[in-house]
Amino acid sequence: MKKRWLLAAAVSSALLVLTACGSSDDTSESQGPVKENACENATINFIGLEGEEGKVELEDWREERGTKLVSSWPGDWAQLIAAIKVGQPFELSTIPYHWAQRMIAAEVVQPIDTSRLTNWDKVASGLAESPSLRGEDGEIYGVPIAWGDAPYIYAPDRVSNPPKSITDLLDPSWKGRFVLFDAPDSPFYLLAKAHGFDESPLLTQEQLDVVVADAAKLVDNAAAFQSNYQDANDRLINKDVDLAVGGWEAQVAWAEEKGVTLDFGFFDEGRHGWWDGLAIPSTSENVDCAYEYIDQMISTEVQAELATNLVSGAVNTDAFDLVEGDAQSYDYSVVTGGANSDDFASSTPPEEVADGYMNYQDWLDAWQKIKS
Amino acid sequence: MRPSVRTLQMAPATLYYVALFLIPLLMLAVYSFYSVESFEPVPKLTLDNYVEAATSDVFRGFYLRTLRVALTVALIVTLISFPFAFVLNYVLPARKHVVYFMVLVSLFGGYIVRVYAWRNIMGREGVVNQTLLGLGVVDRPVTLFLNSELAVIVALVNYLIPFGILPIYAAMQNVPVGQVEAAQDLGGSRWLAARRVVLPLTSQGCVAAFAISFIATSAEWVTPQLLGGTGDQLIGNQIQHQFGGGLNWPLGAALALTMVVLVVALLGLAYAVIRRWLR
């Protein structure tokens with residue numbers, strides 16, 4: 001009798017484990033024309049960054065339609081991918097520039113037919129034409145809603161001569177005085193540019209070796225890895241560090257609220273842009289509503305309000321003059337094909353690269369080696 | 001055949017253990033043999049993850065650092081906890097309930113809150129630096145405290161000391177005060193009584209304190225991230241990375257299980273050494 005119980009328990013446990021470990025192939029791609037007022041009395045399940053779901057900016061719009069917004073904020077991007085992979089239904093998700101290619105390759109987002117978006121033509125060309133939005137099939141998988149240019153943030157009272165090049169931070173005088181993100185993106189990209197590797201972030205093995213050697217010195221000189229922008233600000237405000245590589249202009253405003261003056265600057269190697277967008281997850285149960293919502297998110301008025309609230313760049317060209325506050329400090333020429341448009345480049349290589357080049361996984365592996 | 005009362009009594013604990021420990025551990029074990037395709041674990045069984053976990057120079061560095069930090073923390077916690085529990089039980093018997101309660105109260109504070117508190121204490125303008133500056137010991141803030149292995153160890157010791165005191169204190173409840181007094185009546189000092197009488201009789205509690213601290217530290221990743229420098233990350237950070245940004249759950253699972261094996265082996269060794277030393 002006991003043996004039978006044990007056998008049954010073992011079989012049940014094994015089935016449970018295998019079921020739990022099993023992957024979900026559930027994907028639903030809605031086809032056909034977008035229904036008008038598809039969001040009426042609908043629920044939009046969003047997963048992604050807090051503040052980028054239009055919670056405030058589209059509150060009235062949702063109220064008019066009886067639309068409910070339910071937001072989930074994952075701890076990191078892998079959690080977002082996992083949540084969609086296991087089949088949780090979401091109408092919308094954030095798609096950030098540095099994870100866009102991974103999300104596309106992981107097939108957690110579906111292609112977006114931009115002809116369905118009435119405001120797509122107003123999206124700045126530098127963003128709309130960015131290869132980082134596109135999959136290998138050439139389809140667009142994300143619609144940018146905010147962008148920035150990754151400055152460094154520093155405390156002017158302790159840094160009288162802000163660094164001109166990222167290589168300045170390799171100097172022993174900077175030892176223990178700055179933080180950076182625990183990711184190779186910005187350091188590798190900028191150090192490669194400093195070495196004159198103009199194709200950065202596309203690097204050969206030899207070029208990557210050169211960059212990694214410098215990056216190891218950079219990491220050794222850094223005080224710590226910042227967890228996020230707020231963490232970097234805390235360290236700057238507490239005077240534990242003097243500079244944060246990979247920042248956001250909004251940090252200056254946050255510090256001001258605490259009576260501390262911070263400033264931002266750019267390395268001579270150039271700016272590298274970031275954008276956050278909205279994507280339609282493969283598990284979306286109301287694709288039409290997702291399209292309608294995304295279209296609203298890139299409309300002129302909503303964009304102006306969103307950019308002002310996030311202290312980020314607006315993506316809608318008509319909204320550029322309408323943004324207020326610190327969001328006005330952005331140089332919009334970098335996303336409109338102006339003189340500095342070359343500066344608005346992605347800092348990460350794609351997942352699939354031509355022979356002879358290193359992909360993002362190679363960068364991540366090299367970064368882990370530096371830390372060991 | 002009806003289940004016995006004993007079986008029924010054990011059922012809740014067994015279910016809890018199976019559901020929340022055994023099955024997750026089995027899932028981790030299954031995942032560790034999976035492969036990754038398009039950033040998704042797929043059931044193509046392989047030993048590659050274990051080969052990488054065992055042979056990669058990258059992971060070896062993280063494992064060694066983790067074991068060093070865990071050993072340091074566990075030793076310090078045990079060495080502090082024993083005399084603390086001794087004083088609590090034999091020197092301050094009248095106030096032991098109050099002090100014991102204070103030890104428990106220290107567990108009420110949130111873990112993350114404590115970590116951030118340490119950042120403020122050890123920072124450039126923190127309490128430690130202000131005190132040293134005020135006393136004239138240093139003429140400029142010391143930057144070595146924060147963002148260092150020292151900061152990680154200090155914070156973990158502070159967090160784990162209550163977990164070290166409790167099992168030792170519990171073990172001391174089984175050592176009659178009369179035995180300690182007898183040792184002192186026979187000419188032994190309080191220290192000798194503690195070392196020759198109480199310590200051998202509470203060795204199980206000491207081993208438990210050491211093991212709890214060692215295991216907790218070997219699984220750490222938050223404290224190194226918030227208090228450590230760029231060269232102070234532990235294997236927990238790597239496991240977190242594989243389950244997070246690395247999108248390689250099978251490798252993360254293999255790293256975690258390899259660490260479990262290492263910890264069990266080292267604790268077994270430590271247990272044998274302590275037993276022999278106390279004999």
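Glycine is treated like the rest: Cβ placed from N, Cα and C.
Per TrEMBL, the features are as follows:
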type     : residues  : note
TRANSMEM : B:12-34   : transmembrane segment
DOMAIN   : B:63-270  : domain 'ABC transmembrane type-1'
TRANSMEM : B:69-91   : transmembrane segment
TRANSMEM : B:98-117  : transmembrane segment
TRANSMEM : B:150-172 : transmembrane segment
TRANSMEM : B:193-216 : transmembrane segment
TRANSMEM : B:251-274 : transmembrane segment
Under 8 Å for C-beta pairs, could you tell me which stretch among B:12-34, B:69-91, B:193-216, B:251-274 has the largest tally with the transmembrane segment (B:98-117)? B:69-91
Residues of the same chain, at least six outside the transmembrane segment (B:193-216), with any C-beta under 8 angstroms of its C-beta? 70-71, 73-75, 77-78, 81-83, 85-86, 90, 156, 160, 163-165, 167-172, 174-175, 179-180, 183-184, 263, 266-267, 270-271, 274-275, 278-279
Going through B:12-34, B:69-91, B:150-172 one by one, which has the most CB pairs that fall under 8 Å from the transmembrane segment (B:251-274)? B:12-34
Residues of the parent chain within Cβ reach of the transmembrane segment (B:150-172), under 8 Å, 6 or more residues beyond its termini: 69, 72-73, 76-78, 80-82, 84-86, 88-90, 100, 103-104, 106-107, 111, 114-115, 118, 122, 144, 198, 201-202, 204-206, 208-210, 212-213, 216-217, 220, 223-224, 227-228, 232
Spatial neighbours of the transmembrane segment (B:69-91) not adjacent in sequence (6+ beyond its ends, CB under 8 Å) are 99-100, 103, 149, 152-153, 156-157, 160-161, 163-165, 168-169, 172-173, 177, 180, 190, 194, 198-199, 202, 205-206, 209-211, 213-214, 217-218, 234, 263, 266
